[in-house]
């Protein structure tokens, strides 16, 4: 492993500007290629029940954004693939690693319901069960782009890539509603950005940074450290379109946001590694996506380039938790 004394996270880093070469930030190209497809932004909403549902998945696909449908309504997945393909849209689903999930993979393969993207989605992705699932998907559906995770070490990235994964998802418990670090003592919470850097250096295929994104600038920082795509949870939660339940408190509207390993998602208090919080009700998800695109265009202009590749070359400084100068975000 790399030098474990030089870890850092998003709030510890500032990117250093270069000379601007475009006349307007609107000239900057934020598009990214993943597999055989090009998407409008290097950002994907987290595949969580309070972030994405069928309607949001359809909207994102139609608008040219990448999405990953969650796996918590397993019985609807085959119908979801059918509908997306019928509408001429890409199908991107999540699977687990247990026997019933392997049966599902065999079933959709036999029915020629082949999704363009499958994400193998478990909390600790450096596991034999994940490797077996990658190998099964690649044997039955070689053309499907397989994302595997979640992991937090270069060794894990290499092993999943060697098993056939087309991309790896990096992040163990840094998310806002994830309490893995508290419950288990393990994870990338507090050093997620360093983990992204280390894992991306070891990777020969795309890395998706997952968790710990609190501001739009964190997307640019993730790309600087080697991420191709950035998974975002809390920033995409609590919108008008979001599936979470709306709650009124003291005249203000909030929406529920809970983790994928919380008792609220699992329906039982067993092996809980997530919690539920209320977030202030936000406006339209489309507005947030547009704002994120504009902020990323500004990042590209500060990087002195015309597209996302400029962000991968900028210098940065480590300022250890001081970039807010005492201000709240």
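In case you wondered, yes, glycine gets a Cβ from its N, Cα and C as well.
If you check Swiss-Prot, you get these features:
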| type | residues | note |
| --- | --- | --- |
| ACT_SITE | 178 | active site, thioimidate intermediate |
| BINDING | 207-230 | NADP(+) binding site |
Query = Reduced to three states, what secondary structure does DSSP give residue 210 (NADP(+) binding site)?
reply = strand
Ask   = If you run the three-state DSSP split on residue 178 (active site, thioimidate intermediate), which class comes out?
value = strand
Request  = Quick one: pull the CA-CA distance for residue 210 (NADP(+) binding site) versus the residue listed as 'active site, thioimidate intermediate', whole Å only.
outcome  = 12
Query = Of 210, 213, 216, 228, which of the binding-site residues has the most Cβ neighbours inside 10 Å?
reply = 210
Key: Around the Cβ of residue 219 (NADP(+) binding site), the count of other Cβ atoms that are within 10 Å   = 27
Key: DSSP-derived class (H/G/I helix, E/B strand, else coil) of residue 225 (NADP(+) binding site)   = coil
Inquiry  = Would you identify which of the recorded positions 178, 207, 225 has the most other C-beta atoms lying within 10 angstroms of its C-beta?
reply    = 207
Query = At the Cα level, what's the spacing in Å between residue 219 (NADP(+) binding site) and the residue listed as 'active site, thioimidate intermediate', rounded?
reply = 19
